[in-house]
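Taken from TrEMBL as is:
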- 1-26: region 'Disordered' (REGION)
- 66-85: region 'Disordered' (REGION)
- 68-85: compositional bias 'Low complexity' (COMPBIAS)
- 94-113: region 'Disordered' (REGION)
- 254-401: domain 'YDG' (DOMAIN)
- 433-491: domain 'Pre-SET' (DOMAIN)
- 494-637: domain 'SET' (DOMAIN)
Amino acid sequence: MGSLLQFQDLNLAPPSPSSSLTNSASASSTSAAIIATAGSTTEAAASMLVPKLEPKLEPFDVETPIYQPQQPQDPSSSSQDLFFSSSTPNYFSNSQLTPPLSQSTSSEDDNSNNLYSEYNRISELFRTAFAKRLQDQYGDVSVVSDPDSRAIVPVKENDNNALSTVVVSPRPKYQKRSSELVRVTDLGIEDQRYFRDLVRRSRMVYDSLRILSVLEEEKRRGERLGRRARGDLRAAATMRDCGLWLNRDKRIVGSIPGVQIGDVFFFRMELCVVGLHGQPQAGIDYLPASQSSNREPIATSIIVSGGYEDDEDAGDVIVYTGHGGQDSLNKQCEHQKLEGGNLAMERSMHYGIEVRVVRGIKHAGSVSSKVYVYDGLYKILDCWFDVGKSGFGVYKYKLLRIDGQPEMGSSILKFAESLRTKPLSVRPRGNGTGCDCVSGCSDGCFCERKNGGEFAYDENGFLLRGKPVVFECGVSCKCPPTCRNRVAQRGLRNRLEVFRSRETGWGVRSLDLIHAGAFICEYAGVVITREQAQIFTMNGGGLVYPNRFSAKWAEWGDLSQIYPDYIRPSYPEIPPLDFAMDVSKMRNVACYLSHSLTPNVLVQFVLYDHNNLMFPRIMLFAMENIPPLRELSLDYGVADEWTGKLAICN
């Protein structure tokens, strides 16, 4: 392959003393970069004419420091000993062409030093340019870490086969993880708030980058089918290159400042971004022995996701299987070894160092079909080698959750899932009895008799007749959630809106047509006793008294005006409601309903989760067909005499 310039081989014998003196002035300031190839013998080199070195400054010579090597003491040592470590491949070793040491004048020493300096600088530039290739082949080539260093590489031009020389700047390296183990304790309120905000902002940046990366990838691919865009990986790489990964300057043992128990992460790379678990794939995150002060690895966190068939997860107690020995199908195919993360877990057990536990749970509502939940700190109690289910030896570790921590986030997720799918099986059961209607309540069942011999609702869930209290099917009943006697406990069915009214201040209206007798919502607040209510009113608080609601329920279903011989049903009296509701701090949409002496909403007391008549639930039903955007009103019994509305609602 040809070159534009004919470079003289600098590995040949140096010039004679006379020529060195002539060229000393120019050679002392030269910084020209010349890479030569070796192939001539010493005798041929001696007979060649020595050209005059013309110094020419390169654009970055001012910024590039020149390394001054020490003069070698052994004349037989090769030139690579001056610039490369002992593990570097022998690319530049040529003992026959190495300039011999000789006693000469000061000018010869200067020329020789300049020549060595230039050769060293060229070597450093060459290694900077091709270190990636050398690392892939040999694995132990050091790279110049100076971001201001420049490399000279040949670039092939398009018009011919000639080569031109360009200067390439290496891409800056991202910050590597520190080997310093620290523990963060006794954070003040302000510190906790600061770190929590820092983690929150980092996660916001990550999610924004991930969404944008997915959109860009989808636009680039168009309609072509292929693998799903991994915006999580691109977002994490971008933040890493920008130095936005948290806790890279230290390895934290124990809790991570700003990360709370129960925090949920949709992507595993997000764990790396906040510093909760630093391994993108491995289940054990640990400080390697090569970076540890005592040359022993230390584990800091693990991920429990069911990737190993020998794992046993009982919540507070975990039997965790070490890593290694699996094939591409996650099947155990060989014995595990006590090395790497497995050894780190054993050493953490030996020194009593706790580990963070993150659980990976399959979740249908996740964008990645899995979520990762931080469940707190665990102690490693035991470690042993056992034969796994596949017949291969595995290392097992018994972990126990440390007491005094908040409830595990994974337990809350599982409980919420049970509430969505099987609400009657997980809610607390009372001591009362219920019906045995498996497919739904029917005539003559226990709950019908409990309601005075007739159900309170029709098949569509509309209130048939008002009663002092309606007993819906509860947790002790065997009927399904679709039972006709389960209406108010199902929750909202219409879209309600809180709006600003000129006449009544804040008000509530529906965006849907509400059928007469249909359930609207529950009136919710904080229940307080009479004694607490007296103290509350002395401090100027606003309360709602359920026993003051007008008994409009008695008017619903009254047919005495139609049938002269109609006899109103008689119901047993319920004890007076001796409690109040504080809606100043905690309330729902019903607390914004306006007061009216001619309301379109009535109050119906309902019981279903307990049988205490002293504390029924306050349910609201429509007294008439209420069109969309018409304000809902309620008779509170006692209201502000000036505005006709409760003070709390004003």
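Cβ atoms here come from the backbone N, Cα and C positions, even for glycine.
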*asked:* If I take every residue in the domain 'SET' (494-637) and average their pLDDT values, what number comes out?
replied: 86
*What is the three-state DSSP composition of the domain 'YDG' (254-401), stated as helix, strand and coil residue counts?*
18 helix, 57 strand, 73 coil
_Residue counts (helix, strand, coil, in that order) that DSSP gives for the domain 'Pre-SET' (433-491)_ = 8 helix, 4 strand, 47 coil
